[in-house]
Amino acid sequence: MLDPNLLRNEPDAVAEKLARRGFKLDVDKLGALEERRKVLQVKTENLQAERNSRSKSIGQAKARGEDIEPLRLEVNKLGEELDAAKAELDALQAEIRDIALTIPNLPADEVPVGKDENDNVEVSCWGTPREFDFEVRDHVTLGEMHSGLDFAAAVKLTGSRFVVMKGQIARMHRALSQFMLDLHTEQHGYSENYVPYLVNQDTLYGTGQLPKFAGDLFHTRPLEEEADTSNYALIPTAEVPLTNLVRGEIIDEDDLPIKMTAHTPCFRSEAGSYGRDTRGLIRMHQFDKVEMVQIVRPEDSMAALEEMTGHAEKVLQLLGLPYRKIILCTGDMGFGACKTYDLEVWIPAQNTYREISSCSNVWDFQARRMQARCRSKSDKKTRLVHTLNGSGLAVGRTLVAVMENYQQADGRIEVPEVLRPYMNGLEYIG
């Protein structure tokens with residue numbers, strides 16, 4: 001959520017920056033609502049002052065033995081007018097807030113201006129895609145060869161865009177998540193967390209999934225109207241519960257940064273993606289991810305973004321997977337991000353790079369919604385923290401990359417050296 005004072009005092013400057021994202025801010029509508037708010041604010045304050053003054057007059061008149069009934073009626077009338085003005089002001093402020101909740105974050109100045117993914121800018125590349133001297137198999141074919149990926153069983157159990165993993169493929173999937181968690185906790189300084197997979201409405205508002213992206217979520221539907229689970233939703237990413245751990249908190253600046261990680265399943269409806277990536281593990285309704293979240297001082301957030309992205313890169317480097325790093329243009333960034341790096345891993349069967357991690361600086365956009373603040377010992381004044389989030393990594397897509405990049409001519413899959421301790425020393429699947 002943007003700073004309301006910025007929207008009030010510099011609407012044209014805000015509109016210009018939002019236009020870089022392809023978002024049109026209705027400055028005239030906001031201006032009209034703000035003028036009406038000011039009028040109502042003054043009206044309620046004047047009515048409150050007048051009622052207080054007349055209420056005091058009742059006591060004074062009573063002490064003098066005067067008839068207080070006319071004054072009492074007048075105070076009652078002022079009270080009714082005040083209640084009506086307050087109700088109108090509350091409704092207007094709610095309307096302004098509803099509009100503010102749909103406005104995306106401002107892009108950082110260094111973010112390239114563009115319309116969509118075609119305007120993203122490559123920053124660097126790591127590794128060289130392997131040249132195969134045999135016909136490359138995709139991960140679906142490899143998974144079926146080793147009886148490790150069963151999409152038909154998942155359709156029977158649930159529906160499309162789900163999978164049942166079995167045997168050594170399932171074991172490698174688990175090994176990847178354990179390897180990522182160990183790397184982030186033991187070398188990168190993150191604290192491991194286990195979080196709920198169902199969250200409430202306040203949590204979803206805090207990180208920006210609501211109200212704008214309600215259609216992307218899986219919501220619970222209780223059997224009884226009175227059930228207290230009616231407002232729960234499955235998490236689309238561990239960013240949601242991890243970041244909200246600081247909601248409503250005032251943090252000592254000496255305790256920053258706070259660096260958290262969690263391995264969770266993620267649940268997404270994939271609204272708007274009909275017909276895209278229908279084969280395999282690339283786009284699923286349920287997938288695992290190891291998430292990284294940092295809570296930092298405002299002046300440290302850009303450096304933290306570089307650090308966090310480097311942590312995600314380290315996973316790919318240790319796995320020996322070629323990838324490229326890109327900075328997203330203004331038109332392709334997520335709703336809450338001010339700056340985002342994507343890491344795209346090489347997928348041999350598609351002969352292209354595919355997103356495997358997205359790392360974003362959100363500035364104080366989420367913190368303002370959550371009222372997450374920090375305070376130094378030398379200053380009693382609080383300020384909003386900055387929040388960052390990043391994939392470290394998407395486990396299913398990492399499994400795809402390992403299976404395809406490490407495949408052998410006979411269909412076996414070599415186990416990357418860093419994963420072997422998690423697989424009892426196994427060198428090959430198959």
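Cβ atoms are placed via backbone N, Cα and C, with glycine included.
For the L-serine site that Swiss-Prot gives as THR237, ALA238, GLU239, SER391, the extra residue drawn from GLU186, GLU291, GLU299, GLU344 is GLU291.
Restricting the binding-site residues THR237, ALA238, GLU239, SER391 to those with a CA within 10 Å of the CA of SER358 (ATP binding site) leaves SER391, listed by sequence position. When the alpha carbons of GLU355 (ATP binding site) and GLU291 (L-serine binding site) are compared, the span between them is 15 angstrom.
For ILE356 (ATP binding site), the binding-site residues whose C-alpha atoms fall inside a 10 Å radius of its own C-alpha are SER391, out of ALA238, GLU239, SER391. A 10 Å cutoff on Cβ-Cβ distances gives ILE356 (ATP binding site) a total of 26 other Cβ atoms nearby, all chains included. The maximum pairwise C-alpha distance among ARG268, SER269, GLU270, GLU355, ILE356, SER357, SER358, the residues recorded as binding ATP, is 19 Å.
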